[in-house]
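Peer 1: Copied straight from TrEMBL:
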- 407-414, 454-458, 508-511: GTP binding site (BINDING)
- 194-221: coiled coil (COILED)
- 78-95: compositional bias 'Basic and acidic residues' (COMPBIAS)
- 96-105: compositional bias 'Polar residues' (COMPBIAS)
- 109-120: compositional bias 'Basic and acidic residues' (COMPBIAS)
- 239-253: compositional bias 'Basic and acidic residues' (COMPBIAS)
- 254-263: compositional bias 'Basic residues' (COMPBIAS)
- 398-568: domain 'Tr-type G' (DOMAIN)
- 78-144: region 'Disordered' (REGION)
- 235-268: region 'Disordered' (REGION)
- 280-299: region 'Disordered' (REGION)
Amino acid sequence: MALEDMEKRYRISDIARELQLSPQEVLLFVKQEGGKVASTSSMVSEEMHNLIFSHFSVEKKMVDETKKIRAEKEKRLSRLEEQSRKTYEKEKQLRETLSPQSAPAVTTRDAKKEDVEHALPGDFPAPSVIEQPSPVADDGESADAESQLPIIGEDAVIDPVKIEPSINEHLVSFDSPQNMGGLTVLGTLDMQAGRNKKNRKKNFKEQADALKDEFETKVTEEAHVDEKGAVVKKPLKAAGDEKPKSVLDESAGKKKKGKKKKKPEVDDKVISANIQKTISGMEDGSGTGSRQKFRKMRRIDREREQEEADALRESQQLIVRVTEYASPHELAELMGVTAKDIIQKCFALGKFVTINQRLDKESIELIALEFGYEAEFISEVEATAVIAEEDAEEDLQTRPPVVTIMGHVDHGKTSLLDYIRNSNVVAGESGGITQHIGAYEVTVDGNRKITFLDTPGHEAFTAMRARGAQVTDIVILVVAADDSVMPQTIEAINHAKAAGVPIVVALNKIDKVEANPEKIKTQLSEAGVLVEEWGGEYQCQEISAKKGLGISELMGKVLTEAEMRELRGNYSAEVPASGIIVESELDKGKGVISTVLVQRGFLKVGDPFVAGNTLGKVRAIMDERGKRIPSAGPSQPVMVLGFEDLPQSGDVLTVMVTDREARDLAQKRQVIRREHDFRRSTRVKLDSIARQIKEGLMKELSVIIKADTDGSIQALADGLMKIQNEEVKVQIIHQGVGQITETDVLLAAASDAIIIGFRVRPNVNAKKLAEKEDLDVRFYSVIYHVLEDVEKALEGMLSPELHEESLGSLEIRQVFKVPKIGNVGGCYMLEGKIFRDSKVRLLRDGVQIYEGQLAALKRFKDDVKEVDAGYECGLSLKNYDDIKVGDIVEAYKIVEKKRKL
Ligand SMILES: Nc1nc2c(ncn2[C@@H]2O[C@H](COP(=O)(O)OP(=O)(O)OP(=O)(O)O)[C@@H](O)[C@H]2O)c(=O)[nH]1
């Protein structure tokens with residue numbers, strides 16, 4: 001038979017590997033499908049192969065997904081590496097250009113070794129020789145060079161006091177004083193000790209002498225300039241001209257008396273003084289005297305440092321970016337280990353998992369830690385993020401700043417926004433903005449633009465940030481000058497600072513007689529916001545949002561801040577546009593309308609896009625005045641029509657090349673989302689909190705108490721507050737009288753709390769919601785039992801949970817008095833079923849008034865074993881007679897629920 005005629009066969013174990021499943025699982029499936037196979041090494045036909053793949057299609061999808069995430073991660077890492085390399089090179093270039101006269105003073109360790117080893121004692125090279133070592137990158141020994149600590153002029157953090165003692169211990173070379181000032185590399189410290197101390201001292205002495213010689217030479221040169229008028233090289237002007245000079249003169253003065261080289265003496269004071277002067281010179285801002293420039297430099301420095309630190313952390317691969325509920329095999333792929341390793345670790349941690357079982361968030365964190373990684377959870381959107389090409393330098397242009405207004409309640413945020421929106425001063429045209437739009441652009445000084453996010457308060461700002469969208473460039477902090485710095489003012493400061501967004505302070509209500517701006521400035525300085533007039537870095541403007549005073553000046557300050565930030569956007573018409581969803585709403589006629597803040601490129605009518613989990617095609621773009629426009633560029637807020645579904649604030653809108661691509665990506669995100677929703681069960685449960693406490697995942701048990709009376713609440717709250725141990729305390733986040741409502745359930749869901757119902761029950765909607773949210777709602781009728789359960793739970797001693805399973809409920813619609821028997825209820829079965837031996841509780845307005853068993857259950861005159869929903873029946877309760885029309889009887893049974901791990 002020809003080879004190609006033979007049917008293609010597949011080994012079960014190979015298929016299992018491809019699907020990242022256990023071979024046994026696949027074998028079982030094949031057997032179920034009637035395949036005649038003996039073991040996992042058996043072969044199956046193509047048809048069976050396809051059957052397996054279609055049966056395990058979800059697993060296949062996940063495998064593909066993980067591979068893709070991994071590929072993207074690798075891409076990202078290499079980009080980061082490239083980025084940090086570029087930053088390093090840029091910094092080096094900057095250093096070189098900023099100190100043109102300076103000798104390339106960073107020496108490689110080898111170069112230095114040579115200096116030390118080959119230079120004869122007492123024959124230390126003259127200053128020109130010191131200037132010889134070549135720059136780091138040029139000698140191709142950057143790795144070696146990195147192990148040194150170059151003292152870089154721009155790193156103004158070097159503490160001369162700290163440097164001085166180290167001078168005695170480490171090999172030091174100094175540049176000539178001509179290099180002082182500006183961003184200059186002064187020398188290197190060889191941290192690799194191990195050299196003979198004497199030698200080092202000697203070498204150091206020699207270098208110090210040479211340095212002193214240079215001082216003298218320089219001073220002599222200067223003297224020559226004075227006397228002969230000859231043109232000689234002067235030291236750079238920066239570096240606090242005056243002071244270093246006097247030091248130099250002083251040292252020169254002393255030195256002139258003796259011969260330089262013969263009896264070299266180390267004057268450590270001179271050296272440290274020079275280092276100090278140099279550094280203070282650097283801090284003086286390269287002599288330009290412009291505080292703004294200096295602030296900008298400092299900010300840029302800080303940003304760069306942060307970026308580098310982030311890049312380094314990432315490039316060291318200490319962070320594993322993973323979606324919640326990843327399976328062992330996905331996690332294994334991301335960390336470059338085998339799924340077996342992960343499963344073994346899980347066993348060691350007391351968790352029994354299979355290769356495709358979804359792990360919970362806490363387990364992922366623990367396992368990652370075991371492998372030396374920090375788990376960073378990403379959403380399905382991030383996992384499938386569209387990685388944009390880097391912006392080409394020529395496409396970048398200055399863009400308008402995006403501003404958010406924050407401040408305490410009633411301090412005038414809305415008034416300021418309203419004034420800006422309506423005023424001709426800034427809007428530049430009459431009429432102002434009447435349309436409601438989550439963001440709008442205003443024109444200041446005729447041609448300069450500012451985009452305002454119309455979401456006053458830090459909640460919206462933080463909510464967006466929580467979704468990874470950092471859109472705000474500048475925060476205007478409104479503080480009422482007739483009031484004080486308030487808790488929300490502090491919160492706003494903290495939120496802005498946490499996001500690294502600069503603040504411009506607006507002291508509002510200055511028109512009021514009680515206004516006391518100075519008091520506010522003092523309070524602000526105590527809160528870490530020192531205004532410019534007081535020598536701080538925060539710009540401040542007194543305004544009256546009501547009367548329109550100082551608003552133009554405030555806008556001017558915002559623009560200055562923006563200038564300092566050098567905000568740029570990609571204005572290329574070629575790049576696929578992207579933006580952030582600021583807010584969305586569903587309009588009956590138009591469908592979904594979203595306010596989009598374009599961030600990159602131009603969003604055009606007709607563009608297909610994805611936005612979070614949804615997609616669409618731009619049908620129309622409108623500006624803040626409701627005027628249709630064909631396209632919108634960076635920092636431009638527009639209303640966009642054409643979404644298939646409602647996107648969320650903070651979602652990124654990305655233009656795709658084709659509709660098909662957009663649909664594929666959105667579908668992919670939806671699949672992951674569904675998977676997550678399906679697996680989501682991270683709710684705090686009383687019977688599993690001991691484990692969470694042990695793992696350090698819980699520090700506080702949040703509780704909501706609903707009870708029948710105030711007295712019970714008080715008793716419960718007092719008792720619960722006393723139950724706490726060193727690791728965890730009980731926090732009652734809400735308490736109230738009456739039945740458990742949907743609001744209680746929502747609060748519990750939002751704050752990961754458990755609900756304790758004391759002689760009360762949830763209403764129907766609350767019950768459904770609690771089930772949907774998988775919340776732990778517990779019902780008690782004895783206070784002691786509540787306290788006992790919580791106490792035991794905290795200690796991890798909670799016995800197997802006796803779980804209550806609701807069977808059904810009925811309503812009492814009539815009450816009959818039957819002689820000798822008592823009151824009998826004529827009832828209607830609302831839902832579920834009731835059984836003769838069911839446990840029951842009687843509820844009046846949601847509050848439990850009886851708990852026990854049925855005395856009788858009848859249909860017409862006959863005793864019955866059960867009654868279904870929709871039927872009428874009669875019942876009486878054991879040892880309880882006080883039933884009323886409208887009461888609800890709930891039937892339930894107690895089942896033992898296995899405790900979770
Ligand atoms: N006299 C005076 N009153 C002002 C000024 N700015 C705002 N107000 C008044 O202060 C009150 C609160 O102003 P809002 O703009 O609503 O304050 P807000 O910070 O937006 O308040 P919330 O939206 O509740 O957080 C209103 O009665 C305004 O009229 C001002 O410059 N001068």
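Cβ atoms here come from the backbone N, Cα and C positions, even for glycine.
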Peer 1: Tally the residues of the compositional bias 'Basic and acidic residues' (78-95) by DSSP class, grouping H, G and I as helix, E and B as strand, and everything else as coil.
Peer 2: 18 helix, 0 strand, 0 coil
Peer 1: Enter the number of other CB atoms within 10 angstroms of the CB of T455 (GTP binding site).
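Peer 2: Neighbour count, Cβ to Cβ under the 10 Å cut-off: 22.
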Peer 1: Does DSSP give D410 (GTP binding site) helix, strand or coil?
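Peer 2: In three-state terms, D410 (GTP binding site) counts as coil.
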Peer 1: Using a 10 Å radius around its CB, how many other CB atoms surround D410 (GTP binding site)?
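Peer 2: Other Cβ atoms found within 10 Å: 13.
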Peer 1: Where does T455 (GTP binding site) sit in the DSSP three-state scheme?
Peer 2: coil
Peer 1: Give, as a single whole number between 0 and 100, the mean pLDDT over the coiled coil (194-221).
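Peer 2: Averaged over the coiled coil (194-221), per-residue pLDDT gives 46.
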